[in-house]
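Database features, via Swiss-Prot:
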type	residues	note
BINDING	Gly608, Pro609, Asn610, Met611, Ala612, Gly613, Lys614, Ser615	ATP binding site
Amino acid sequence: MAKVAETPMMVQYHEIKSQYPDAFVFYRLGDFYELFEDDAVLGAKLLELTLTARNKNSENPVPMAGIPHHAAQNYIDILVDQGHKVAIVEQMEDPATAKGMVKRDVVQLITPGTKLNSGMGNDKQNNYLAAVLPRDNRYFLSYIDLSTGELKTTTLKRFSDVIDELSSLEVKEIVLLKDDETTELGIANKLAERGLVISTQSDVNVNATVSFLTQPLVHENEAQVTTILLNYIFDTQRRNLDHIIPAQNYERLAYLKFNQDTRTNLDLVKNARTKKKAGSLLGLIDETKTAMGGRLLKQWLLRPLRDTEDINERLDVIEAFQNEFFVRGALQDHLKSVYDLERLAARAAMGTMNARELVQLKRSLSAIPGMKSVLSSSQGILNHASQRLEDMSDLAGLIDEAIVDDPPISIREGDIINDGFDSKIDEYRNVLSQNQKWLAQLESDERAATGINSLKVKYNKNFGFFIEVSRANVSKLEEGRYERKQTLTNAERFVTPELKEHERLINEAQLKRTEREYELFITIRERVKANISRLQKLARQVAQLDVLASLADVADNNRFVRPTFTDDNIINIKQGRHPVVEAILEAGEFVANDVNLDQNTAMQLITGPNMAGKSTYMRELALIVILGQMGSFVPAESAVLPIFDQIFTRIGANDDMAMGQSTFMVEMAEANLALQEASAHSLILFDELGRGTATYDGMALAQAIIEYLDAHVHAKTLFSTHYHELTALADKHENIKNVHVGAVEDESGELHFLHQIQQGPADKSYGIHVAALAGLPDELIANATTILSGLENQEALVPEPKASGLSEQVALFNVSDVDPKTETLFQKLDSINISTMTPLEALNVLAELQKLRK
């Protein structure tokens with residue numbers, strides 16, 4: 001865009017903009033933030049602002065759009081939520097006293113990963129910023145929630161692990177080091193393809209603060225990636241960040257591992273269809289009362305434990321809460337009064353906490369003595385929890401003594417400090433409180449002296465104090481004593497020496513009062529800041545109690561039981577239930593099922609009609625495992641479980657078409673991940689693997705995968721299939737057992753699903769019945785029934801296994817005995833691509849198949 005001859009202000013703007021080319025520059029001009037040039041054009045569109053121009057009459061006017069400074073935060077949030085960055089440029093000196101161009105500078109760069117919440121809401125969502133560093137054929141990851149101070153780091157083997165971890169954390173912005181290795185690996189492009197905002201850091205400095213925050217880290221590359229992240233934060237935030245907690249390393253091996261596909265397949269934190277929390281497992285189990293508790297619950301759900309002792313510690317507290325119903329209820333009543341302590345502490349550290357947030361902090365801290373009292377009335381573990389909670393009544397008392405209960409949002413306009421807290425403020429307030437009395441007396445005296453009964457003493461922001469008389473009475477005023485200040489249509493306004501002096505005293509008292517109140521507010525906020533570590537420790541303890549009490553609520557409300565963990569590698573679940581599906585159905589409608597895989601059973605082959613409940617059965621096992629290992633009770637009458645290290649799933653058809661992958665490719669990729677990564681301590685759930693390709697290929701691959709898992713992996717596996725021929729594998733492999741989902745036909749031929757898992761294979765799949773239930777045309781159903789009858793009358797396609805041939809394989813196919821007509825029919829079936837076929841095309845194909853049969 002062509003530019004006009006630049007004014008000093010625009011020179012200053014362009015210098016700043018050149019440093020932040022990828023950000024919207026909010027340039028402070030008086031009471032407004034201005035956007036210029038391309039920022040103004042795009043900003044006006046995104047924010048629905050009026051687009052104007054600077055130097056409108058010039059050949060090249062400069063586009064501009066303005067935002068009132070008091071409303072800027074709303075507009076900033078809109079831009080950042082859309083993935084943009086915003087550089088805030090403030091006036092660094094008073095324009096009234098500045099010589100020449102007012103100095104301005106960027107005071108903060110707000111990005112998707114550094115956006116802060118106010119701390120006054122009930123936000124149960126973390127906002128993580130991460131850095132990734134590739135070194136030595138591994139990936140080092142560090143992430144931080146700037147709004148809470150949480151800082152963690154880990155080492156990952158593969159880039160796919162990085163993607164899974166970033167997805168689990170719901171990271172929006174990634175910081176990368178500008179170096180050759182990062183560039184050569186194309187990491188920026190790979191991450192950008194997934195919708196992440198990419199930021200880069202060139203300089204990496206290790207100052208005293210960085211050294212302190214990375215000191216706990218042993219691995220050099222973990223310290224380096226954390227240093228990159230911290231440098232980016234310090235460069236963009238330009239403020240005190242004393243709330244950041246020294247970095248903690250974590251090992252993924254310490255937690256039950258599962259990838260994004262599994263999280264999606266199981267609806268763990270969001271419903272796969274609606275993308276909302278409602279309808280997910282998290283939505284069901286979140287009965288937390290605080291924002292910190294909500295965030296911690298989600299972290300526990302996404303990182304179930306593998307240490308039995310740690311799991312049982314959580315279960316012990318839940319059980320104690322179950323046994324102490326009234327204690328739990330009273331505790332939760334107190335928790336409802338607790339605001340977001342983590343984020344309030346962070347805002348105090350960063351110097352952004354206002355007076356209202358101080359009051360929120362006071363109310364939160366004031367709830368702690370009640371919580372301690374309630375817990376101490378119990379015995380054992382809850383009593384011990386009471387002793388760990390720190391009573392911070394000293395800080396709450398200071399805030400209560402100093403700050404009014406309902407302060408204004410602004411901290412610079414006074415009315416924040418309580419009467420009686422400070423003698424100077426009381427003195428100034430006394431002067432101000434006498435103002436109205438003094439003005440009333442002046443008005444009375446002036447009326448008596450002038451004889452003008454309509455004379456009034458008034459005040460407004462533009463002219464201050466003045467005496468107003470009607471124009472008809474101006475002649476009654478004593479000459480030389482009254483100084484004209486303003487002429488109106490029907491009146492004149494004057495000031496007197498006494499009124500001028502009074503205004504000076506009032507303004508001085510007002511100014512000194514607000515300055516003194518601000519000074520005291522900052523002092524109190526600094527006292528809060530000095531207690532950051534105490535507040536953060538207290539916040540963690542309160543969050544844990546909130547989560548455990550919430551899980552006790554969930555257990556009571558949903559008939560969950562405490563699981564038992566064993567080293568015997570068995571799964572023994574009595575009347576297990578899918579908690580989310582059960583919650584949707586009417587009471588008593590959900591059909592519970594046992595899940596039994598003993599030491600001699602590694603795999604269940606599950607057959608039965610579509611819609612009968614195979615997928616639900618598989619999902620409920622995974623959810624019970626995850627709930628149990630996160631330290632929660634589980635939906636069953638009883639549950640004995642091993643400790644799993646990983647869960648692999650292929651359930652549903654969440655095709656990655658956007659990444660150019662078909663259903664079958666996704667199936668094979670997910671199967672390969674399990675084959676390569678699973679151990680004997682893993683859980684594998686494969687739902688109808690092989691359906692995405694031709695029948696023979698799919699069946700052959702399914703059998704090969706089953707036998708590979710049995711021979712080499714030995715993981716506990718649920719494998720559902722519509723290939724009924726595969727059920728013969730149970731006769732060959734002792735660790736494979738057949739089960740099926742029951743269904744019965746009534747006398748009229750109508751199909752009824754029992755939703756019960758029964759021993760042995762299903763006798764048939766009832767696919768045509770399911771098609772009829774789906775509403776396919778009667779003519780089509782009749783044709784399909786005829787075709788099926790004809791196929792079933794043909795010679796068996798899968799004879800009994802023979803000793804000859806594939807000595808270690810179950811012979812699924814013996815096509816040498818198939819007559820030519822049937823072979824032609826098979827070839828035609830193999831050529832059909834049902835995923836792209838329209839209903840009309842399906843009818844035509846069925847008609848053609850019927851002709852081939854005749």
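Using the three backbone atoms N, Cα and C, a Cβ is placed for every residue, glycine included.
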Of Gly608, Pro609, Gly613 (the binding-site residues), the residue whose Cβ has the fewest other Cβ atoms within 10 Å: Pro609
DSSP-derived structure type at Met611 (ATP binding site), helix or strand or else coil: coil
Env. residues of ATP site, Cβ within 8 Å of mean position of Gly608, Pro609, Asn610, Met611, Ala612, Gly613, Lys614, Ser615 Cβ: Val741, Phe753
Residues near Met611 (ATP binding site) in space but at least six apart in sequence (CB under 8 A): Phe753, Val770, Leu773
Number of other Cβ atoms within 10 Å of the Cβ of Asn610 (ATP binding site) across all protein chains: 19
Least Cβ-crowded entry, counting other Cβ within 10 Å, from the binding-site residues listed as Lys614, Ser615: Ser615
